[in-house]
Amino acid sequence: MGILERIKEIEAEMARTQKNKATEYHLGQLKAKLAKLRTQLLEPPKGSSGGGDGFEVTKFGHGRVALIGFPSVGKSTLLTMLTGTHSEAASYEFTTLTCIPGIIHYNDTKIQLLDLPGIIEGASEGKGRGRQVIAVAKSSDLVLMVLDASKSEGHRQILTRELEAVGLRLNKRPPQIYFKRKKTGGISFNTTVPLTHIDEKLCYQILHEYKIHNAEVLFREDATVDDLIDVIEGNRKYIKCVYVYNKIDVVGIDDVDNLARQPNSLVISCNLKLNLDRLLARMWEEMGLVRVYTKPQGQQPDFSDPVVLSTDRGGCTVEDFCNHIHRSLLKDVKYVLVWGTSARHYPQHCGLSHGLQDEDVVQIVKKKEKEEGGRGRFKSHTNAPDRISDRVKKAPLKT
């Protein structure tokens, strides 16, 4: 029996099993088996060299945004309108067959926008180049899930289910669970909060399913079985997602109002160019990019070319700012002067752990090189030899 058949068999058994206190341990074991099989499905076949036939797109700019959706929902049209890059759009499905990149120039930054081929149900199992599309989405900082406002709400659930099947967690944060494998000592189970979804026996069964018999587990929140499996797998990607409903010009105003009020949702119309400015502002807000301007000593700040930082790409502290400029700069920093919203007063003397905010101005003050032996008439170091016998003797005076 192949991996796909075993996955379908476990899913069918989970569907017909009633959910109650008596079956929660059995369901937990089935979820662990399902996660193991899906991980095996994503691994490259044995004996193959290389990563497969994915889309080769070089990272460019200060952030990367991926457009994901069903065929013919307006992804190519949206890319053309936001970036100016031509992406072929037609009235038939699967017009885009490869990844087409474009660059958005917004707030003195460059954001890479990727137009990916449309994915269909079963993409996590490899249908319609679904794995390659999802692999590119894993390397993105933000996912824009483009949906058709005139279609049913089931499309959003299908896409979310396909992305979660391959390890993408949309609009979630990593669970507060500490997990570490050990060589000996058995399983140590501890918790700092009352648990309502999982207990010690179920945790042991899931760990034994992964053939883990020596480990340390600490729950810092009321987590579920799925959260524990995600931590054990260790290959999950937690990414932000905005649900973009296109073609709002073909539905009623009440439907548009209902879609716009859903969480993490935005409504646009590429045909009438409606709400595209709000889409750019929402992308900027979700990505959390921080522009920091430099100020040389004794000169005006340089507002033309900012240093762009983000929490997902390194961090937003003064130390990250110095590393972004040059790695060797950090050891020469004496202190930093900061102007902006992160400073309590202007200017503020800050250390390397100070957190920077958008449009801050930073001036780096370096350590001065110490002169050995003092200076001026207090200078104690001379170039003469230490021993008198080694000094050059003066010529005798002429008499």
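Every residue, even glycine, has its Cβ placed from backbone N, Cα and C.
What TrEMBL says about this one:
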DOMAIN    63-288  domain 'OBG-type G'
DOMAIN    288-366  domain 'TGS'
REGION    368-399  region 'Disordered'
Quiz prompt | For the domain 'OBG-type G' (63-288), mean pLDDT (0 to 100) | solution = 86
Practice problem: With DSSP as the reference, give the number of residues of the domain 'TGS' (288-366) in helix, strand and coil. | Solution: 14 helix, 34 strand, 31 coil
